[in-house]
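A.B. asks: The structure that follows is given in the form of structure tokens.
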Amino acid sequence: MESNIVEISTDEETGSREDGRFNSITRFNQIAPTTTTRSCSLSILQLGTSLFALSSLDWLAILKVDAAQLNYRSRTVGSFAGRLATVLFFTHLLAAVILIIYLAARGLPSRHPSFHQAYWFPPLLTSAAASLPFAVLWLLIALRHPTKALRAALWLAPILSCGVAVLLLADENGYSLAVAVLFLVLALVLSLYCCWITRRLHHAEEVLSAAGAAVRPTLALAKYLGLALLAGVLYFFFWTLGAGGAAASASRFVPLYAVLLLLNLAWTMQALRYTVHVAVARTAYARLASGAEAQPTAAIFDTAAARLVLGEVLYGAAVVPAAALARGASQTMGQVVRDSDEFLFSCTICFEGVAERMVALGNRWGLVYVGAQGKGLGRSSVEVWELFAKQGMERLIELDLTGAFCFLCGVASGSVVAVAAGAWVLVSHRGHVADATAYAFFVGYFMTRIAMAWPQACVAAYHVVFAENPANNEMGSCLRQRLTQLNSISTR
């Protein structure tokens, strides 16, 4: 008796595991033994059964689904905070567009004596266009010469912000005086801060150099960053119509309009910034965690620009800066209060607890998992913060200077274009000098922060990968040495 065995296998019936890998499963269907003496009807029946099984498995192969991608999507789409942030962002964007059109249609046709369009739009539009080369210049210096970039930011940010204050004082206007005082305070605070962090510069330079090498500049990443910067500039061009309409109108709601427009500009620019952050973070994470060269186009178009993580990016654009601001304020209060028992400082400990909780639920290190694993920002932030606590890295993260470095770069660029725009308006027409200077500062600041999301994302991925596996040979020794140094200081 001879047996005919037909092997039927699916090429890639895939299953997914938690690590995102695939299992290949091969199926074997064995047709029952037959003899030539059996009836023709039984052979036909068995042949039909075999063909049915073969066709079914072929359909399974044709309809196969990348389970890891499906799991990636389900985790991201299932984030309620991300979906809510998406709805709120586009609702607010639509409301902002309506407000800008309304202000432009109402204010620009009016002939207000203190407002002239010829002296308002050219300085602002020129400052926005000039902010692009400054942003790219800071990025190139930070990637190629991180030591020079860090030290230049420490020197230029306080000096240039003080220059903005001097320019506004020359206007001899009450509103300009108030804004000048703010820039003077900013220059003073930055000067004291830069003197305070000088002992941490060496470690910051090492981390920037090691992390920046994880993502090699490619044409695909350069194009994507260029698109983000171009989108920011074009939106600011449109945004200036509303700002000009508000400045030209004589309504008593002008301060309210200005605040609403600035909030809209901040959230929109932060969304562009964190889009770049997520894209670069995924590429850096893949390179550091596995040593593989990740495809930049996949990291960009399958995560950062895709709808799957858009909600998490928009959620992070609103939550992460607020959490970082609360954390910075709590640390400052802690340095001032220390062991004081005065009544005015009785809520300091409570505020510090709230700030730490906010950071644990939304931080820029959690955005690494958003891009690399498709998780929600809240879940990613909690997991990353637990990893840092497990490895004893809380103090290391607290002393990280990457965020401060990017902030100083933004202040320096913003101050340069603010001085240019303010001087233009001051020389050509003494009117709305403070408005033009402040708006130019913001566009210069945000353009540079979008570009500097690249090194900041690399450093964030560097810390996350080290927390996952401190023995990773790809990480070098700078973080291990810094941890040993901090532990030795704390035990004294």
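Glycine is no exception: its Cβ is also placed from the backbone N, Cα and C atoms.
Curation does not apply to TrEMBL; its annotations are automatic.
Reproduced below are the annotations present in TrEMBL:
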TRANSMEM  84-105  transmembrane segment
TRANSMEM  117-140  transmembrane segment
TRANSMEM  152-170  transmembrane segment
TRANSMEM  176-198  transmembrane segment
TRANSMEM  219-241  transmembrane segment
TRANSMEM  253-272  transmembrane segment
TRANSMEM  401-427  transmembrane segment
TRANSMEM  439-465  transmembrane segment
A.B. asks: Among 84-105, 152-170, 219-241, 401-427, which stretch has the highest count of C-beta pairs below 8 Å with the transmembrane segment (117-140)?
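C.D. replies: If we count Cβ pairs closer than 8 Å to the transmembrane segment (117-140), 401-427 scores highest.
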A.B. asks: Taking 84-105, 219-241, 253-272, 401-427, 439-465 as candidates, which has the most Cβ pairs under 8 Å with the transmembrane segment (176-198)?
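C.D. replies: Highest pair count goes to 401-427.
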A.B. asks: Assess whether the transmembrane segment (219-241) lies in contact with the transmembrane segment (401-427), where contact requires at least three Cβ pairs under 8 Å among residues 6 or more apart in sequence.
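C.D. replies: Answer no, regions not in contact.
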A.B. asks: Quick test of the contact rule: Cβ under 8 Å, at least six residues beyond the ends. What residues does that give for the transmembrane segment (439-465)?
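C.D. replies: Counting only partners 6 or more residues beyond its ends, the transmembrane segment (439-465) has Cβ contacts under 8 Å with 123-124, 127-128, 130-132, 134-136, 138-139, 142-143, 146, 164, 207-208, 210-212, 214-215, 221, 225, 228-229, 232-233, 236, 240, 243, 262, 265-266, 269-270, 272-274, 276-281, 284-285, 288-289, 364-365, 367-369, 372, 384, 387-388, 393, 396-397, 400, 402-403, 405-407, 409-418, 420-422, 472, 474-475, 479.
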